[in-house]
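Novice: Below are the structure tokens for one structure; questions will follow.
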Amino acid sequence: MEEKELRRADFLTSLILVAFGVWVLREAFKMPLRGSYAGVKNVWYVSPALFPIIVGVFIILLGTLLLVHAIRSGGATFFMHRLRQIRLQKVASERNLRFLAVLLALGTFVYLFIPRVDFFLASALFLLYAISAFYMEDVDLLKRFAKLYALGSLLFAIVTGGFHRFLAFLPFPNDVLALVFLGVYVGYGLARTRAHGALRQKFVQSISVALLVPLLLCVSFRFFLLVPLPREGLIMEGLYRLYYALFR
């Protein structure tokens, strides 16, 4: 491998190592550092979090050293130059776009929305994006919907990850954000398909399916099969109130 390739690989590897080390520390600090169990008081140096904290610190340290070396040897410059050389047309081909759109839909659904949002809202967002992006068979709309969904998911992750305290006054803050996101997506889709009758009809059908399927799943599993959903929040609370008002 050429020297430039090695330095560029060092730069990319260092970023991955630092990010991984930060993640290890973040997960480690979720563990109790001290506490009392069965009347026995545990001190910090016997905490289960100690070892992953040490590992995370060393990974960040080594990644930082590698990053400094890569920058000094020109790895960052080579990396940025290589990025500029990649042709946008090749990366943004229709096949690649569809593949990335599928990854975006599945990744955000499983790792972002399901653990944090009411199951109905998480499923509705996933289905609305997936159906509208592919059912309409329009590459331009696929790009626009993917950009909107990616931006909305990123903003959701940032707000719920770092600014959730500012939304503490809301009863279900994550669900409210997801509901706003869903409304923005619906409004944007209706606006983009306003001048195209066939596309507008398909988008309305996408909305119907995206709302009806999660509703049927939630009602069937929770009220008939009595199976708890992954996360129950704003919408399920409303369904509970409606159920008890009608049948109890």
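Every residue, even glycine, has its Cβ placed from backbone N, Cα and C.
Sharing the record's features from TrEMBL:
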type	residues	note
TRANSMEM	12-29	transmembrane segment
TRANSMEM	49-75	transmembrane segment
TRANSMEM	96-114	transmembrane segment
TRANSMEM	120-136	transmembrane segment
TRANSMEM	148-170	transmembrane segment
TRANSMEM	176-191	transmembrane segment
TRANSMEM	203-225	transmembrane segment
Novice: So what's near the transmembrane segment (203-225) in sequence-distant terms, Cβ-Cβ under 8 Å and 6+ beyond its ends?
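Specialist: Sequence-distant neighbours of the transmembrane segment (203-225): 119-120, 123-125, 127-128, 131-132, 135-136, 186, 189-190, 193, 232, 235-236, 239, 243.
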Novice: So, do the transmembrane segment (120-136) and the transmembrane segment (12-29) meet, by the test of 3 or more Cβ pairs under 8 Å (sequence gap 6 or more)?
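Specialist: The answer is no, given that the two segments have fewer than 3 Cβ pairs within the 8 Å cut-off.
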Novice: Take the transmembrane segment (148-170) and find every residue of the same chain, 6 or more past its ends, with a Cβ under 8 Å from one of its Cβ atoms.
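Specialist: 104-105, 108, 112-113, 116, 129, 133, 176-178, 181, 184-185, 188.
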Novice: Should anything in the same chain at least six residues away from the transmembrane segment (96-114) have a Cβ under 8 Å from its Cβ atoms, list it; otherwise answer none.
Specialist: 121-123, 125-126, 129-130, 133-134, 139, 142-143, 145-146, 149-150, 153, 156-157, 178, 230-231
